[in-house]
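**Student:** Supplied in structure tokens, the structure appears directly below.
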Amino acid sequence: MRKNEATITERTNEYEKIVSNVCGPDYSEHLLVDDLVVCDCAEGDCTLANGCECVASGSGLDNYTESGSLLHEGALIECGNWCECVKSGRCPNRVVGNGSKPGLIRLTENVADLGVIAEETIPANSFVIEYIGEVIGEKEARNRERQHKGAEHHYIFTVLEVIQGKESLTFIDPRKLGNIARFINHSCDPNLKVVIVRRGCLSPSAALFASRDIMKGEQLSFDYGWSAKSGFSTKDCLCGAKNCRGKLPSKDVSC
């Protein structure tokens, strides 16, 4: 086995692979239950013009084109597992919920660490992958932050939202349970953008969409500080972008 293959195998054995977020400590399990909104649309009818309740309950705009490209980055609610349309397997308002396209991306070893690259050209506004892990509460997130202080890799993803004028924090930790999104690196000039999506339940999902056309073989990246307020860490940023901010965003869960 070659060195890079051994490294990838070793790192991917560090966690258990899951395909959707799971409820972790200090988080209300009912938030992950499919009871947010349910539509009874016929196959292919989930659009605002056709009166889809799921689409209307978000930003009041259609979320995707017919080919599945993202149309906006506002409040986005997809059809959930109990919607009639999902049973057909061809719902135009379910993109993230269908999962990543097989073979679209893969792990690779780079100079500094592991990374994720595109296996084919990915058009702008295409869904790439969801950042999946245990959904935990703030108390548990702080406990884990202290537990792994000084560790080389930090994975807790903080979702910061403002709902009805109040800040709401959700924490997704793929350290023990997750997917390969945990290996996507930071860049100050990323080719992925974070879009918050809900599908059937109140708990938010962190979906990564292409912010521009991504070429085959290009390494994927997103801005770790996309929702952070706590500034920057003391760790140097090595992204190499022309607009590099010099330091990595802070991983403090208080952001």
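Cβ coordinates come from backbone N, Cα and C, glycine included.
I grabbed these lines from TrEMBL:
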DOMAIN    37-99  domain 'Pre-SET'
DOMAIN    84-225  domain 'SET'
DOMAIN    233-249  domain 'Post-SET'
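A description of the local structural setting of each listed feature is requested, covering burial, neighbours and distances.
**Tutor:** Confidence annotation: the domain 'Pre-SET' (37-99) carries a mean pLDDT of 94 in the model.
Assigned with DSSP, the residues of the domain 'SET' (84-225) fall into helix, strand and coil as follows: 22 helix, 56 strand, 64 coil.
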**Student:** Sequence-remote contacts (6 or more beyond its ends) of the domain 'Post-SET' (233-249), Cβ cut-off under 8 Å?
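**Tutor:** For the domain 'Post-SET' (233-249), the list is 112, 185-189, 221, 223-225.
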**Student:** Going by DSSP, how much of the domain 'Post-SET' (233-249) is helix, how much is strand and how much is coil, in residues?
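**Tutor:** The counts are 0 helix, 7 strand, 10 coil.
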